Amino acid sequence: SGESGAGKTESTKLLLQHIMNLCKGNSQLEQQILQVNPLLEAFGNAQTVMNDNSSRFGKYIQLRFHKNTVQGAKLSEYLLEKSRVVQQDTGERNFHIFYYMFAGLSSEEKEVYGLLDPSLYRYISGRFGTQDVAERWKHKYQEVCNALDMVGFQEQEQVDMQAILAGVLSLGNVTFEPEERDGSVKVSEASRGWLKAAAVNVLSQFGCSVPYSAWSSSVSCCCSLCADARDSIAKVAYGRVFGWIVCKINELLAENVNPEVELREIGILDIFGFENFAVNRFEQLCINLANEQLQHFFNHHIFQLEQAAYKEEELPWETITFNNNEPILNLLLAKPLGLLSLLDEQSAFPQATDKTFVDKLNSSFKGNLHFQPGRGCVLGFSIIHYAGKVQYTAGGFLEKNRDTLPAKIRGLFINSVTPLLSVLFTGKSLCYDRASQMNQGLPWQELSHSLMVLMERMYSANPHFVRCIKPNSQKEPGVVDSQVVLLQLRYNGLLETIRIRRDGFSWRPLFEEFAER
């Protein structure tokens, strides 16, 4: 754990390499496990203002062993930040894979996928890198292709996957305008070509099977809602591809041993760090909630269980107080009046808006020490998290939590001329079925369930905590800012942890071990 950019993903990679090196067993399986990381980073990581290679999802890697040899692995992923596909703030980028494709595909391949100059695409904000950066991306693209081959993806699957990504980018350039005759909405004349490119790769052959006007009128009757529907299609398509990649990885890395053989397990959790940007949205609230839960788990394990053990042993001990974040979790998670329950309630009302949601929060949490109403003209509110105060912009909260896909669009996915996309929505195998079931509930409910399962896993295990500390806020190597470091040591509870370890008993041999010694 640690805040965004502290080094969690790099530490995870080093730890995996170390464990694989210690195994010296099935070399092909070990190499496949190591190749999973560049693949996941390409599709799940992006540049943010805090970190050039920020994980925009959480992952839990389970390594399964028999007699100290790795037999298989399983990957669980949490809360991919799909909204990044359609919108990035200043100084940020879309997922790496889009840039890698532009840098790595040949001119002929780009033509096959209908890709033009990267500066034309709204979803990557027309931002591309310098020549040096493009060269690095080209190398990264080759790494991704090698990883896909090594892990076991078929050539046609790789082609389909890139066709979907190209289609998503084209879809982002589709715009809408009012139909003069009857006031309905149609795809603008200027963006018909983009729609056609998107249709070839992502949906179905609009020209012959679904007239443009029929599609636009069925999506909505106003331009902004049509744009929301367009963005929903892009997010769902990308999310399904990512889920499918994870499922394929799990199929390929699953252990092939007798079910009666008892396997031991090492799990590594690498989850998004605490975030506090200039503008914080629904995604930051979800990410920070996950961090609150992990901090609570840390507190429970280090402070409550530790001190209970000292009391049980009747050791002279003065209780060490710690910053208990349970009240913050209650504010967010309590039912029926926690913040996220109120969000679900408001999301269920068609007439509700982000403003009615904020009004509800202000009246429900008046006087709560961890909640502050928004100030100024921006619609929002603040939460006093364990790591500090974060001001959230409420615009888009309801729309992101509903995350709806127009029903008629689902049929277009099923009829897609790209085989992979079609099966992702029809569930023709266990893996595709898992991907097609993803994100069926409200995003917040999905996260809540995922975190509950994760925490159950954590509490049943024997945890080791790796605390990553960010040395400075400028992303500079070799520079340690004492105040930045001290702030993290304080809010993580590490100063109290050091005190417990110093005053308590850090070495605990078993009785047998002690007697033998």
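Glycine residues also receive a Cβ, built from the backbone N, Cα and C atoms like all the rest.
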TrEMBL tags one of 221-243, 267-289, 405-427, 451-473 as region 'Actin-binding' - which one? 451-473
Counting only residues 6+ away from its ends, which parts of the chain sit with a Cβ under 8 Å from the region 'Actin-binding' (451-473)? 1-3, 5-8, 11, 15, 50, 60, 76, 78, 267, 269, 273, 289-290, 293, 297-298, 301-302, 479-481, 484-485, 488-489, 492, 494
How does the model score the domain 'Myosin motor' (1-517) in terms of mean pLDDT? 86
List, in sequence order, the same-chain residues at least six positions removed whose CB sits under 8 Å from that of G7 (ATP binding site)? C468, K470
In all the protein chains shown, the tally of other Cβ atoms within 10 Å of the Cβ of G2 (ATP binding site) is 18
Spatial neighbours, same chain, of A6 (ATP binding site) - Cβ under 8 Å, 6+ residues apart: G273, C468, I469, K470, Q488
Excluding G2, E3, S4, G5, A6, G7, K8, T9, which residues of the same chain place their Cβ within 8 Å of the centroid of the Cβ atoms of the recorded ATP site? N51, G273, C468, K470
Using DSSP three-state counts, the residues of the region 'Actin-binding' (451-473) come to 10 helix, 0 strand, 13 coil
